[in-house]
Amino acid sequence: MSFPVVVLISGSGSNLQALIDQSLQGVLNIDIRAVISNKASAYGLQRAEQSGIATHALSHKDFETREAFDQALATVIDSYQPKLIILAGFMRILSEDFTRRYEGMMLNIHPSLLPKFKGLNTHQRAIDAKESEHGVSVHFVSAELDAGAVVLQASTAIDENETAESLANKVHTLEHIIYPLTVKWFSTGRLELNSGIAYLDGAPLPISGVRYQPELS
Ligand SMILES: Nc1nc2c(c(=O)[nH]1)N[C@@H](CN(C=O)c1ccc(C(=O)N[C@@H](CCC(=O)O)C(=O)O)cc1)CN2
Ligand SMILES: NCC(=O)N[C@@H]1O[C@H](COP(=O)([O-])[O-])[C@@H](O)[C@H]1O
């Protein structure tokens with residue numbers, strides 16, 4: 001029995017593609033029931049359609065308030081009865097009611113080593129801050145932005161003459177490894193959130209989660 005999920009996107013959908021590919025390869029036993037985007041132009045919607053996955057474009061611009069958009073989004077999500085909601089480049093801040101509704105069953109991937117560089121434009125900010133390393137974090141979603149329990153992080157060096165584009169490419173490669181792994185942990189019952197703390201195989205994770213190593217499975 002495969003594990004029902006819904007994926008929320010706003011853009012290219014390369015993380016969605018990694019999940020689709022690993023599902024098709026049998027690495028991930030998930031059923032991606034729908035892909036929902038707040039931007040109709042998101043290429044990720046085409047990726048989903050090419051894989052026969054249901055898609056919805058729900059523009060936040062069509063709603064008076066953030067809460068009204070979130071309520072409409074929740075109605076679409078609930079129609080698929082997912083056990084996990086995966087934010088994969090979803091670029092809308094979600095309301096407190098929405099995050100509480102799905103607490104413990106909603107993951108996000110953020111392009112920084114949280115708690116560093118919450119928010120946007122993380123690659124350039126890390127370069128400007130002369131960081132020696134940068135990376136990506138998968139975390140449970142909480143009402144406070146990019147502050148939910150971190151599950152898994154992966155890092156890369158920031159080289160001399162690094163640009164935001166070159167760094168983003170390195171981070172994307174890491175994302176396509178750690179997001180499917182995190183989804184596998186959740187879909188097989190190894191990962192859960194309890195009172196704001198992430199647990200893997202029953203053990204509480206450190207504040208920065210697990211640091212990815214190739215032998216991790
Ligand atoms: N309540 C929460 N909502 C969201 C979280 C979260 O942790 N808690 N994670 C984000 C994802 N994200 C970074 O990982 C993020 C997405 C969007 C923004 C943002 O400033 N959005 C603006 C619009 C920006 C745009 O449209 O380009 C906004 O919503 O007004 C910051 C961080 C997903 N939501
Ligand atoms: N704050 C959220 C955020 O910036 N998320 C980032 O959006 C990109 C989506 O790429 P994709 O559409 O190719 O998966 C990813 O790099 C992800 O970390």
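Here the Cβ of each residue, glycine as well, is placed from N, Cα and C on the backbone.
What TrEMBL annotates here:
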ACT_SITE  H110  active site, proton donor
BINDING   G13, S14, N15  N(1)-(5-phospho-beta-D-ribosyl)glycinamide binding site
BINDING   R66, M91, R92, I93, L94, N108  (6R)-10-formyltetrahydrofolate binding site
DOMAIN    5-182  domain 'Formyl transferase N-terminal'
SITE      D146  site 'Raises pKa of active site His'
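Recorded features from TrEMBL, shown on the structure.
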residue: G13; record: N(1)-(5-phospho-beta-D-ribosyl)glycinamide binding site; DSSP class: coil
residue: R66; record: (6R)-10-formyltetrahydrofolate binding site; DSSP class: helix
residue: M91; record: (6R)-10-formyltetrahydrofolate binding site; DSSP class: coil
residue: N108; record: (6R)-10-formyltetrahydrofolate binding site; DSSP class: strand
Key: Residue among recorded positions G13, S14, D146 with Cα closest to the Cα of N108 ((6R)-10-formyltetrahydrofolate binding site)   = D146
Message = Just to be sure I understand the contacts, which recorded positions have a Cβ under 6 angstroms from any atom of ligand 2? Candidates are R66, R92, I93, L94, H110, D146.
response = H110
Key: Pairwise C-alpha maximum, in angstrom, for the residues (R66, M91, R92, I93, L94, N108) that bind (6R)-10-formyltetrahydrofolate according to the record   = 19
Note = Cβ neighbour count within 10 Å, max among the binding-site residues M91, I93, L94, goes to L94
Note = Near ligand 1 by the Cβ criterion (under 6 Å), the recorded positions from N15, R66, H110 are H110
Key: Cβ-based isolation winner (fewest other Cβ atoms within 10 Å) among the binding-site residues S14, N15, N108   = S14
Task = Starting from the Cβ centroid of G13, S14, N15, which together make up the recorded N(1)-(5-phospho-beta-D-ribosyl)glycinamide site, report each further residue of the same chain whose Cβ lies within 8 Å of that point, ordered by sequence.
result = I9, G11, S12, L16, Q17, A18, G44, R47, A88, G89, H176
Query = Which number gives the other C-beta atoms within 10 angstroms of the C-beta of R92 ((6R)-10-formyltetrahydrofolate binding site), all protein chains shown included?
reply = 17
Request  = Compare the Cα of R66 ((6R)-10-formyltetrahydrofolate binding site) against each of the recorded positions G13, S14, N15, H110, D146 and report the nearest.
outcome  = D146
Note = recorded positions considered: R66, H110; fewest surrounding Cβ atoms within 10 Å belongs to R66
Neighbourhood of D146 (site 'Raises pKa of active site His') by C-beta distance under 8 A, where only residues 6 or more apart in the same chain count = N108, H110, S112, L114, P115, K118, G119, H139
Query = At the level of the C-alpha atoms, what whole-angstrom distance separates M91 ((6R)-10-formyltetrahydrofolate binding site) and G13 (N(1)-(5-phospho-beta-D-ribosyl)glycinamide binding site)?
reply = 12
Query = Closest of the binding-site residues to G13 (N(1)-(5-phospho-beta-D-ribosyl)glycinamide binding site), Cα to Cα, picking from R92, I93, L94?
reply = R92
